[in-house]
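Trainee: Structure below; questions to follow.
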Amino acid sequence: LLLGVIYDGLHDLHIVDAIDGIVSSLPLLPSTSDCQDVQTSLVSISSTDAYTLRQLVLNFKNAGIDILVGPDNPEIGAIIQGLCEELSMVYVYSYTKMSWKNNEFSFGLFPSEQYMKQIDVLLNDWQWRSFAVIIEDNQSVDHLLPILNRRSSSPIVIRVRMADPDGMMDAAREVKSYCGNAMCWNSTNKAVIMMNSVSTIKFLEASLKLGMISRRNWFLATSLDNVIDHLQSFHHNSFRLSLPALETQFEWIRSTTTPTYEIYDRLYKAWKKKYSDVQHTKLSYSLAADSVILACYIHTRTNMTSQPKGEEPSEMFFRGLSGPVRFMGGEQRTDASVPIYELGTHGESLKIGTYTIERGSSTLSAHTNDMPGSHAFESLHEQQRKVLKVTTIAERPYVMEKTLPDGTIEGYEGFCIDLLDKLALHLGFEYELNIVRDAKYGRPKANSTEWDGMIGEILNGNADIAVAPITVTARRLEVVDFTDPFLQLGISMLMRTPDKKATASITSFMWPLSPRVWMFSAIGTFLTAFVITLIAVLSPRESPEQFNIKNSFWYLMCILLRAGSGFNCQSSASRIASSVWWTFSLVLIAQYTANFAAVLTVDRKSMPFNSFEELGNQTEYSFGSIYGGSTMQFFQYSRLETFKRIWERMENATPSSFVESNDQGVERVYVFLMESASLEYEVTQNCNLTRVGNIVLGSNGYSIALPKGMSRSRWREKLTRQILDFNEKGIMMMLKNNWWKSSEQTEECQSAQSTGGEEGSGGALGFENTLGLFVLLGAGLALSMIVALIEKGAFTLSVLRKEGRVTPVLR
């Protein structure tokens, strides 16, 4: 057997190596044992020129080669097929082809028409009514015709601009935008990807960057042969990827008693190791092997090359690596087994059905509803258990009663309610909310293995999850599972703003004015003294000796302190500068005097301590925390001396320093130890509360609690992924900002505290209050300089006239 192989030297080298390996092992295979002497003639092409291809095929014919295996390129293949038909040569190809006829000289190993029909059957079975189709060339439109002709509503067809580096990303954006605007999903965004394997993965990578790799997106790929190779980055977030792939018979051969499997397995592993970077190669390897087996079958059993043209060939059938291969007098094979694979909810490969083509008829067998891990099974399971019982605790701002404008109470609102609504929307569940009956977070009951609070509700089966400001602790983690935190926090100190204490200082006389006002006043003084000295130099009516810089500064101080200086200004410029300075100093002193009494009678804040160590050492203020909460347990089980001392003080306090809720703790006068997230909220709502220091103990977070066990582990993974997604997209911060905002009362307090200057100097007169004075002083000094220059010019001109240097004007 002389076998000609035409291949694309840039893209099909791995196919050529596969053919070489199969040819060398033909005598060992039962189905091709008659092919004892097979010689291959390999020719690489890079041109689609019809004349060049014709010369190439003629050279094969003249060399006695009657069977050609063509490249995986439909354009080149169409030309070669016509030439082979003209020269009565057999042509074997494996690419997708929709327009075909009964050509006894051509054999298409890929059942294109039946394959596209089974995609249409799948879309009907899955009830895809609206979806997008992504293609990369115009030939794909021919492949779409079986789908488009049987649709009640035509899907949108998006063609990727392959020459554009951003073409793939633009196509992904168009799919996302179309489905967002046209509402092409009921609960899932759907798209059919009809591109080669490399382009398909690039499109999925672009979709990943746009956040489309999620449970709300379902892609059907037509060119991949498995959901594992080169797809590891998409095995998350319940992403749904389905693909019908022509079956490879490695598993079927393995079950036989012949050594055939070992031969194929050895050849494939060696070939795969060499081409490990080639994507989705098991199918391409199988079709390459079957093209050689088909050539042997034609050569040895049908004697097809000597059959007169136009005579119907006999039926051919053999089992190849790509499944059962049958030709019934036509160009395309009529038998094939097409398994439907799916990327499971946990990233595993699932065979959810099989489309069988046999003697022209087809059947679809699907069992997704009975297969754990499949999306259909999980969806059905969620529908049966889609209502989750949620336990929570009434705590501001997480869960609060919702009061309508008319005063009636309708349900609950708060940060945790908003979070629950978002999770329910994205994960497809409903929930029943119940406030925990004992108003506790959860800790073991005394002398018992039972728990109280929300943890107890979960352990008793009264709740499926707990969504509340509940912190992960080691003891809680022993009995329930937690998601990743939705809010990060630590332990801080909250206390009422301490009584302001009157203070005295040797610099208290400077308090009425802010440091910036004092600084600019000094600058203004030296600048004015310099201007007056400069005026004395320029003006002929002033004495530079009298108004030197030292005397000018003394002159301004005398004006400021309302004392006589003994200096009298003679020039207009000096008098303007003196008047402006007099006005400036008069108003500034008036403002200083007016603010002096107010500032010195206002008491100033003084924090009694600023750290947990100082808190434990002082005895003036008592402190406490929520009973049974994570903060109490932190100090209770701590082995550090400082924290042990704090725990002993709280434990032995009379009356008890423990409270049942944050609201009770805030109402107490003592220092309240609480989580920093809740502390931030309380500070924004009450301007009489303040945070002590900037120290935050520990690094923890509020999480969602769930029962332990496999049945709930899926919910934990889903909730965790969605929480991480919310954090990455800033949704969690947006939800927090909606509730951690300052109340009107706090804003008024902050406004009152900030009045008098940005320096925060305790009511001192700020620079913005005296800005007009400094503008007046600057404008006056500028005007005096202009007048001084005019006086200098006038005097100079007068002197020149007297000396006769200036010609008088004739009248």
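Residue numbers in this text run from 1 along the chain shown.
Cβ coordinates come from backbone N, Cα and C, glycine included.
Quick paste from TrEMBL:
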{"type": "DOMAIN", "residues": "387-742", "note": "domain 'Ionotropic glutamate receptor C-terminal'"}
{"type": "DOMAIN", "residues": "397-460", "note": "domain 'Ionotropic glutamate receptor L-glutamate and glycine-binding'"}
{"type": "BINDING", "residues": "PRO469, THR471, ARG476, SER630, THR631, GLU675", "note": "L-glutamate binding site"}
{"type": "TRANSMEM", "residues": "517-540", "note": "transmembrane segment"}
{"type": "TRANSMEM", "residues": "552-573", "note": "transmembrane segment"}
{"type": "TRANSMEM", "residues": "579-602", "note": "transmembrane segment"}
{"type": "DISULFID", "residues": "CYS687-CYS749", "note": "disulfide bond"}
{"type": "TRANSMEM", "residues": "771-790", "note": "transmembrane segment"}
Trainee: Taking the center of the Cβ atoms of PRO469, THR471, ARG476, SER630, THR631, GLU675 at the recorded L-glutamate site, which other residues in this chain have a Cβ no more than 8 Å from that point?
Mentor: TYR441, ILE470, VAL472, THR473, LEU489, GLY629, ASN700, TYR702
Trainee: In sequence order, which residues at least six apart in the same chain have a CB under 8 Å from the CB of GLU675 (L-glutamate binding site)?
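Mentor: The answer is PRO469, THR471, LEU489, GLY490, ILE491, SER492, SER630, THR631, ASN700, TYR702.
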Trainee: Give me the Cα-Cα distance between CYS687 (disulfide bond) and ARG476 (L-glutamate binding site), rounded to a whole Å.
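Mentor: Between the alpha carbons of CYS687 (disulfide bond) and ARG476 (L-glutamate binding site) there are 35 Å.
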Trainee: As a test of reading the model: what is the averaged pLDDT for the domain 'Ionotropic glutamate receptor L-glutamate and glycine-binding' (397-460)?
Mentor: 87
Trainee: Is the transmembrane segment (517-540) packed against any residues at least 6 beyond its ends, judged by a Cβ distance under 8 Å, and which are they?
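Mentor: Residues 510, 546-549, 552-553, 555-556, 560, 570-571, 573-574, 577-578, 581, 584, 588, 764-767, 770, 774, 777, 781, 784-785, 788-789, 791-792, 795.
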Trainee: Does ARG476 (L-glutamate binding site) have same-chain partners at least 6 apart in sequence with Cβ under 8 Å from its own Cβ, and which are they?
Mentor: GLY442, ILE455, ILE470, PHE482, ALA705
Trainee: Taking 10 A as the limit, how many CB atoms besides its own sit near the CB of THR471 (L-glutamate binding site)?
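Mentor: Its Cβ has 24 other Cβ atoms within 10 Å.
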Trainee: With DSSP as the reference, give the number of residues of the domain 'Ionotropic glutamate receptor L-glutamate and glycine-binding' (397-460) in helix, strand and coil.
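Mentor: Output for the domain 'Ionotropic glutamate receptor L-glutamate and glycine-binding' (397-460) reads 20 helix, 18 strand, 26 coil.
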Trainee: Counting Cβ atoms within 10 Å across all protein chains shown, which of the recorded positions PRO469, SER630, THR631, CYS687 comes out on top?
Mentor: PRO469
